[in-house]
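Participant: First the structure, then my questions, so here it is.
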Amino acid sequence: MAQAYWQCYPWLVLLCACAWSYPEPKYLGREDVRNCSTSPERLPVTAVNTTMRLAALRQQMETWNLSAYIIPDTDAHMSEYIGKPDKRREWISGFTGSAGTAVVTMGKAAVWTDSRYWTQAERQMDCNWELHKEVSISSIVAWILAEVPDGQNVGFDPFLFSVDSWKNYDQGFQDSSRHLLSVTTNLVDVAWGSERPPVPSQPIYALPKEFTGSTWQEKVSAVRSYMEHHAKTPTGVLLSALDETAWLFNLRSSDIPYNPFFYSYALLTNSSIRLFVNKSRFSLETLQYLNTNCTLPMCVQLEDYSQVRDSVKAYASGDVKILIGVSYTTYGVYEVIPKEKLVTDTYSPVMLIKAVKNSKEQALLKSSHVRDAVAVIQYLVWLEKNVPKGTVDEFSGAEYIDELRRNENFSSGPSFETISASGLNAALAHYSPTKELHRKLSSDEMYLVDSGGQYWDGTTDITRTVHWGTPTAFQKEAYTRVLMGNIDLSRLVFPAATSGRVIEAFARRALWEVGLNYGHGTGHGIGNFLCVHEWPVGFQYNNIAMAKGMFTSIEPGYYHDGEFGIRLEDVALVVEAKTKYPGDYLTFELVSFVPYDRNLIDVRLLSPEQLQYLNRYYQTIRENVGPELQRRQLLEEFAWLEQHTEPLSARAPHIISWTSLWVASALAILSWSS
């Protein structure tokens, strides 16, 4: 799944500083977006009335003597996906986009979001809200300074601000006479009242031993060893990200959409283990699993989730040093640790240790990808039969591939919202259809499906782009060049400890040669029944160096605005490279096992090395997925796989007829019965 990155250079900040608006002229006259320039104002049926919500929040602001209140789109753990109780910006503004910040003053309200969501915001917000289109913290601060008088307070919930975000806001207000005030009571929650969705209370369970790479005791020992050998010898480490506690204790639940996590913190010291969580969610069996009935170094002491700030403050009063990973720690716990007792790294030891999978974890992830490939192949076969009938749309397609995954063994649902995009919608890198808004799939258009699953043995993420008709020469070239980029990076041999950003350009080279490019990241880490976007692995500037045992996606793309989009994404394991001469070198081994669309490949563009690599990959797909299809007697899918993984050559035909598929199916049946 592609991850976008947005940045604004200094000159652009100056240009955009005042780039806020009510609906632009291009929206006027449209009934699907708001028009605040008329009297009375015209709102679409999708707009949310926020007048009473804002009044309730402003009443709380008055109680706390605040002239402005900042509402980010995060939770207390800096999660990528957030639960319903944490969708505070969505509730107060009506805007449901995944990225954006709201600020409310006593007289105005504004939302900042990027270009992916501008139209959506105009459809969902009423005229109480301004829409700002420059998303930097500096632009938010500039607006607040213009709206809030000297000497007034600007409030925020410290549990919703990362350490770095707080520093940026604090720096912005330093030279002004406004005061940035930490308020641990969330005022939106108070205004929301009884209508706020309850915090989940489903059971927290321990993963069966066969689905874990190490026991939780072994993991705790590894983290303590890391602390012991750390240059600043911390006595404890605070874990704030939800995947950290889930991984450390081999525990899972369902508090967060698409992620098997539960609200929690952990404070691990040399001699104790504290897990901050809702204790009522554990069964007696799980309590015994965690050794909660003792106080020895390998016993887990359960404390209430809400007590983490006070407990960390109490621990910090002793002769201690506390290590935190600032990327996922909020200011809410950071501010109670004296600076002389604080040890800061970008990432916690848990983040670094779990990034490198051991041999069992590698085997588990691979097995999940084999079953996942079966589901994707079933989907592609189904599409080939049904799209020409005109019976499939983007939304029904997304529902069907999710259903196919749910039917797989050890499935726990999708790993993110399926991106099912036809034609021009595929040019939007993060488009997802809805029941109300979607396009019908057509044999005359390209179709992009980016999807993934959560299984007890692994998390998956794969993107394929297909065309069932006659693609244009440009579409074939663009697709082939995206494929060339995928191959060039996947087959690359590089020195150990190389940063992903150093080699990322290999995925873009074939596109750059003809003046094409893409605007999202090239890849991200992936977990074992954890995050589909698992930091700190990947190809961006703030990712750690590549190491044997890491998993990353490789996903170049190309997006032709208003016409089509292409992305080819595979998950790869970092392995030792076999080189002619001795040396410490690495390469990638793909664990996604679904062939690319032969109808879109211009083999003439591929080098002999690229073609050889592609054919070897196809042989690997046959060896890994073929037996599973045969075992399940999925005859049609097996025939499809055999046809679509036939070796390619410069003169090989690329289009496969359904007649040939049925012939292959018959031959497969005969071979099994003999």
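A Cβ is built for glycine as well, from the same backbone N, Cα and C atoms used for every other residue.
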Participant: Same Zn(2+) 2 site as D461, E555, E569 according to Swiss-Prot: which of H430, H438, H524, H644?
Facilitator: H524
Participant: Looking at the substrate binding annotation from Swiss-Prot, with H430, H524, H533, E555 already listed, which candidate in R89, R116, R123 is the matching residue?
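Facilitator: Only hit among R89, R116, R123 in Swiss-Prot's substrate site, alongside H430, H524, H533, E555: R116.
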Participant: Please pick, from D450, D561, the residue that Swiss-Prot records in the Zn(2+) 1 site together with D461, E569.
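Facilitator: The record-listed residue among the candidates is D450.
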Participant: Of N49, N278, which does Swiss-Prot mark as N-linked glycosylation site?
Facilitator: N278
Participant: Candidates are N270, N409; I want to know which one Swiss-Prot annotates as N-linked glycosylation site.
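Facilitator: Per Swiss-Prot, the residue annotated as N-linked glycosylation site is N270.
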Participant: From the list N35, N65, pick out the residue that Swiss-Prot labels N-linked glycosylation site.
Facilitator: N65
Participant: Tell me, by DSSP, whether R116 (substrate binding site) is helix, strand or coil?
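Facilitator: For R116 (substrate binding site) - judged by DSSP and reduced to three states - the answer is helix.
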Participant: Would you measure the largest Cα separation among R116, H430, H524, H533, E555 for the substrate site and round it to whole Å?
Facilitator: 20
Participant: Among all protein chains shown, how many Cβ atoms are found within 10 Å of the Cβ of R116 (substrate binding site), not counting that one?
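Facilitator: So the number of other Cβ atoms within 10 Å of R116 (substrate binding site) is 16.
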Participant: Of all the recorded positions given, namely N65, N270, D450, D461, E569, which is spatially nearest to E555 (substrate binding site) at the Cα level?
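Facilitator: Looking at Cα distances from E555 (substrate binding site), the smallest one goes to E569.
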Participant: Return the residue, from the listed binding-site residues H430, H524, H533, with the maximum count of other C-beta atoms within 10 angstroms of its C-beta.
Facilitator: H524
Participant: Closest to R116 (substrate binding site): which of the recorded positions N65, N278, D461, A650, going by Cα position?
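Facilitator: Going through N65, N278, D461, A650 one by one, the closest to R116 (substrate binding site) is D461.
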Participant: Measuring Cα to Cα, how many Å separate A650 (GPI-anchor amidated alanine) from E569 (Zn(2+) 1 binding site)?
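Facilitator: Pair distance, Cα basis, whole Å: 24 Å.
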Participant: Under a criterion of Cβ-Cβ distance under 8 Å and sequence separation of at least 6, what residues of the same chain contact N270 (N-linked glycosylation site)?
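Facilitator: Set apart from N270 (N-linked glycosylation site) by at least 6 residues yet with Cβ under 8 Å, we have R224, M227, E228, T235, G236, P297.
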